[in-house]
Amino acid sequence: MLVSGKEILRDALEKKYAVPAFNFTNMENLQAIIDGAEEMNSPVIIQTTQGAIEYAGFEYLADLGKGAAKRAKVPVALHLDHGTDLEYHLKAIRLGWTSLMIDASKCDFETNVNIVRQVVKIAHVLDISVEAELGVIAGKEDDIESDISIYTEVHDAVKFYNETNCDSLAIAVGTAHGIYKGEVKIDFDRIREIKQEINIPLVLHGSSGVPEDMLGKAVESGINKINFDTELKLANLKAMRKFIEENPNIYDIRKVFKPCRIAMKEVVIKKIKACKSYNKA
Ligand code: G3H
Ligand code: 13P
Ligand code: ZN
């Protein structure tokens, strides 16, 4: 069933688990997410970046996402991931997205606050939840790459929350988008300190490649939503390459996609276990 972002994260906050959030771009990708969530009886967030919307088309992704969510036996929220442009937020609201992220983290603090307030003002009238981001998460997002992380300061997070009234907050605590180049380090104390000051759902981005035990520790420290994208993409491609190498004469594309879907579903199940969201639907 399609549910609001507020509802899905409220339960995670109360019961101290994290809702896994997976990016999707096409049908096979989405089916793997929903199948995995149903098998584990887990709530799930399906999310689209502006890049995914550009690739697949806004209306098309809306139909795909809402159709899958409505058929699902578990609660599913449809979320706009890293929305930077107000037009995307407005159109996502009109087309039935149930959760939004406004990412103005590349702006200075005051500009970030002002942009987030604008989106919150519109979204809250319609009871749609808003995730914001404070700090800089390293790595590749769309075509933009940042080598450095600027960790979220506790006092900034408090001030930011008080001034924006956002519903959830993505914080920079050591993870990076895309493929990890070095060892993963997460500042768990920082998560705990921020959570102690503002008891709202905290979001971990760039979570592909983070060992499962560290994800578990992040959840224990106060993370209530964990975003995964790259690991799904990699599993998809790896299965596709293997199948094509082993079956060079196959031209029925459905036969190629089947092992890809299974490989992505395996990633989904592994992440649900780390998020401790199984049997919470
Ligand atoms: O954080 C966002 C994603 O990992 C980048 O996804 O390629 O759909 O923009 P994208
Ligand atoms: P990864 O691609 O590193 O899993 O990050 C996903 C993400 O943060 C989406 O917002
Ligand atoms: Zn992200």
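Even glycines carry a Cβ here, placed using N, Cα and C.
Caution: TrEMBL annotation is automatic and unverified by curators.
Listed in TrEMBL for this protein:
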{"type": "ACT_SITE", "residues": "D81", "note": "active site, proton donor"}
{"type": "BINDING", "residues": "H82, H177, H205", "note": "Zn(2+) 1 binding site"}
{"type": "BINDING", "residues": "D103, E133", "note": "Zn(2+) 2 binding site"}
{"type": "BINDING", "residues": "G178, G206, S207, S208, N227, F228, D229, T230", "note": "dihydroxyacetone phosphate binding site"}
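Checking Cα-Cα distances from F228 (dihydroxyacetone phosphate binding site) against the binding-site residues (H82, D103, H177, H205) with a 10 Å cut-off leaves H177, H205, in sequence order. Taking Cβ-Cβ distances under 8 Å and a sequence separation of 6 or more, the neighbours of D103 (Zn(2+) 2 binding site) in its chain are H82, G83, T84, A132, E133, A170.
Ranking the recorded positions D81, H177, H205 by the distance of their Cα atoms from the Cα of N227 (dihydroxyacetone phosphate binding site) places H205 first. Spanning the residues G178, G206, S207, S208, N227, F228, D229, T230 that the record associates with binding dihydroxyacetone phosphate, the maximal Cα-Cα distance equals 11 Å.
With a cut-off of under 6 Å between the Cβ and any atom of ligand 1, the binding-site residues H177, G206, D229 reduce to H177, D229. Counting Cβ atoms from all protein chains shown, G178 (dihydroxyacetone phosphate binding site) has 16 others lying within 10 Å of its own Cβ.
Under DSSP, G206 (dihydroxyacetone phosphate binding site) is assigned to coil, being neither helix nor strand in the three-state scheme.
Taken in sequence order, the binding-site residues D103, E133, G178, S207, S208, D229 that lie near ligand 3, meaning a CB under 6 Å from one of its atoms, form an empty set. The separation of S208 (dihydroxyacetone phosphate binding site) from H177 (Zn(2+) 1 binding site), Cα to Cα, is 8 Å.
The secondary structure of T230 (dihydroxyacetone phosphate binding site), as reduced to three states from DSSP, is helical. Shown in sequence order, I137, A138, G139, T175, A176, H177, G178, N227 are the residues of the chain, 6+ apart in sequence, with a C-beta less than 8 angstroms from the C-beta of G206 (dihydroxyacetone phosphate binding site). Between the candidate binding-site residues, S208, N227, the densest Cβ environment within 10 Å is the one around N227.
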